[in-house]
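Accompanying notes for the structure given below.
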Amino acid sequence: MEPIEQQLTELRTTLRHHEYLYHVMDAPEIPDAEYDRLMRELRELEAQRPDLITPDSPTQRVGAAPLTAFNQIRHEVPMLSLDNVFDEESFLAFNKRVQDRLKSTENVIWCCELKLDGLAVSILYENGVLVSAATRGDGTTGEDITSNVRTIRAIPLKLHGDNIPARLEVRGEVFLPQAGFEKINEDARRTGGKVFANPRNAAAGSLRQLDPRITAKRPLTFFCYGVGILEGGELPDTHLGRLLQFKAWGLPVSDRVTLCDSPQAVLDFYRNVEKDRPTLGFDIDGVVIKVNSLALQEQLGFVARAPRWAVAFKFPAQEQMTFVRDVEFQVGRTGAITPVARLEPVQVAGVLVSNATLHNADEIERLGLRIGDKVVIRRAGDVIPQVVNVVLSERPEETRPIVFPTHCPVCGSDVERVEGEAVTRCTGGLICGAQRKESLKHFVSRRAMDVDGMGDKIIDQLVEREYVHTPADLFRLTAGKLTGLDRMGPKSAQNVVNALEKAKATTFARFLYALGIREVGEATAAGLAAYFGTLEALQTATIDELQKVPDVGIVVATHVFNFFAEESNRDVIGQLLAEGVHWPAPVVINVQEVDSPFAGKTVVLTGSLSQMSRDDAKARLAALGAKVAGSVSKKTDLVIAGEAAGSKLAKAQELGITVIDEAEMIRLLGA
């Protein structure tokens, strides 16, 4: 080995050691200035001999070139989410379900951790070297963020120690400490940059930078909490044991991990963490509770999207008091007019809240709310701000009543409130710019026509400039016309045109959902498409015929019938088809020719399945001639009840409908 190679090896080993002491052990031995000096020395030597630079060198955390787009990484082991509980009663019920499933009266040993409010990531090590990293994504596929994760100093590029598996995928949370968050926003305000609403958004935005050099400047950190792939090695047989092993290999683990030997001990841990929450220095939104024994975890297994052996115990939504300065009225896709309270800005659960929905006139009346009132604001689920109540004892002398508009605030059309409905609606239809915008945004959304790259701001400009009036107009757009929009260059414009062309090939169900018929969500659209098969059959269906579709009652049937009875709607559909929107011809299943116990039956799935996903079960049932519905009614022939089946099972029993379990379903599917 050359002297310079020896020097490089020693420097890298020294720097990794001090990174471990700083980020994992929280016990630095040297000042930052000395660390910086060692890093500079390493950089200078590598500059002399670039052929000796290794991928796991501490200098390689910031060297990747900017990405043009994120590639996708498929998770070999799905990244499942956790079920939630929100109060002690729900947790105790969860504890009992676990004990019942284990057929044990002895207390379970629980491993309790903090529920970090950051971004879940998967990091793959091969022979101890970091080779890839990905976001959770949809649980099956995530975004490749390897270059950015390599810039996070808390994450070792190379594990140290003995008995490291050949392939080890660790999972954890990337997050931003509050001090770092405040510094980022302080710098942004000074330079006119983006100010983030909360540390989680800042962490997500930092991790998804196309230029890793920007990520490297953000003080992100990481805690490890689990494992995915494990090949060519072994891990301890308890969750806590695994976390301690990860820490020994150089991976950071929270110091607030605790074993609890009873439900009461778990509740004590929860209360202590909630009390300490303001002083932790980073955001959490609850605690995570896991069965410590891996053998018991395997015995308990999984439901469709979550393990049975773990749960997230969320903290209550945080509340603050503030004043209502005004109330404005927004118009939605279906003409619904929603009152929105404009508030004196206030921090609630780490977010600056300045608006809150008031839902409708009935809610305003229920609250007894007036403009100028002092109110209690809650972020329900830590996401959607809402007004909880009015502080009547502190009502100011000068308050004003909230007057609901008699005409649309956008287009001036009359408003109406149908008897029996809480919602007031604009009658303007597509002549209303607000409805047009929201309808088009729905039309191009991912679960509808899925037009990649056509965001809300583009739709807003297209409507405001009178370029687009109906969904069909979207497919007539040219790159030249789009290039005239704000922040839209020729390449971006052509990408949108290409995406529109690609979106023309869709499915009947997606097309129906995209049309935005009132009360027709994805499931109902799929049911209508499966039942009628063709657009022609659906357009000519009567209200009685529509009600034969599972889950379609008189209200939905009337909305669908009225939509297709409207000449302007039929005209838009004709234009869409003329522009080339199409979908595959229906596969007609003749139930008389299908030899299956499910043929011609209306079937409802309820509860959690353990042997296959709900979507797989629906697809297999439909292939055997079943009509899969979402709710139980007198038209239901069969209910398949998985774990934790609830009200649907009770209703089926009340109506005397045949009920089978998952095992029987699987037997019949193979019959």
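Even glycines carry a Cβ here, placed using N, Cα and C.
Taken straight from Swiss-Prot:
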ACT_SITE  LYS115  active site, N6-AMP-lysine intermediate
BINDING   ASP32, ALA33, GLU34, TYR35, ASP36, SER81, LEU82, GLU113, ARG136, GLU173, LYS290, LYS314  NAD(+) binding site
BINDING   CYS408, CYS411, CYS426, CYS432  Zn(2+) binding site
DOMAIN    593-671  domain 'BRCT'
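Taking the features listed in Swiss-Prot, we show where each one sits on the structure.
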residue	record	Cβ neighbours (10 Å)
GLU34	NAD(+) binding site	12
ASP36	NAD(+) binding site	11
LEU82	NAD(+) binding site	18
LYS115	active site, N6-AMP-lysine intermediate	21
ARG136	NAD(+) binding site	19
LYS290	NAD(+) binding site	20
CYS408	Zn(2+) binding site	24
CYS411	Zn(2+) binding site	19
CYS426	Zn(2+) binding site	27
CYS432	Zn(2+) binding site	21
By Cα-Cα distance, the member of recorded positions LYS115, CYS408, CYS411, CYS426, CYS432 nearest LYS290 (NAD(+) binding site): LYS115
Nearest of the recorded positions (GLU34, ASP36, LYS115, ARG136) to CYS432 (Zn(2+) binding site), judged by Cα-Cα distance: ARG136
Tally of residues which DSSP labels helix, strand or coil - the domain 'BRCT' (593-671): 28 helix, 18 strand, 33 coil
CYS408 (Zn(2+) binding site) to ARG136 (NAD(+) binding site) - Cα separation in whole Å: 42
CYS411 (Zn(2+) binding site) and ARG136 (NAD(+) binding site), distance between Cα atoms, whole Å: 43
Cα-Cα distance linking LYS115 (active site, N6-AMP-lysine intermediate) and LEU82 (NAD(+) binding site), given in Å to the nearest integer: 11
Proximal residue to CYS426 (Zn(2+) binding site) among recorded positions GLU34, ASP36, LYS115 (C-alpha distance): LYS115
Residue pair ASP36 (NAD(+) binding site), the residue listed as 'active site, N6-AMP-lysine intermediate' - Cα distance, angstrom, rounded: 33
Zn(2+) site, defined by CYS408, CYS411, CYS426, CYS432: further same-chain residues with Cβ within 8 Å of the Cβ centre: VAL331, GLY335, HIS407, PRO409, VAL410, GLY412, SER413, VAL415, THR427, GLY428, ILE431, GLY433, ALA434, GLN435
Average pLDDT across the domain 'BRCT' (593-671), rounded to a whole number: 81
Integer Å distance between the CA atoms belonging to the residue listed as 'active site, N6-AMP-lysine intermediate' and GLU34 (NAD(+) binding site): 34
Between CYS411 (Zn(2+) binding site) and LYS115 (active site, N6-AMP-lysine intermediate), the C-alpha gap once rounded to whole angstrom: 46
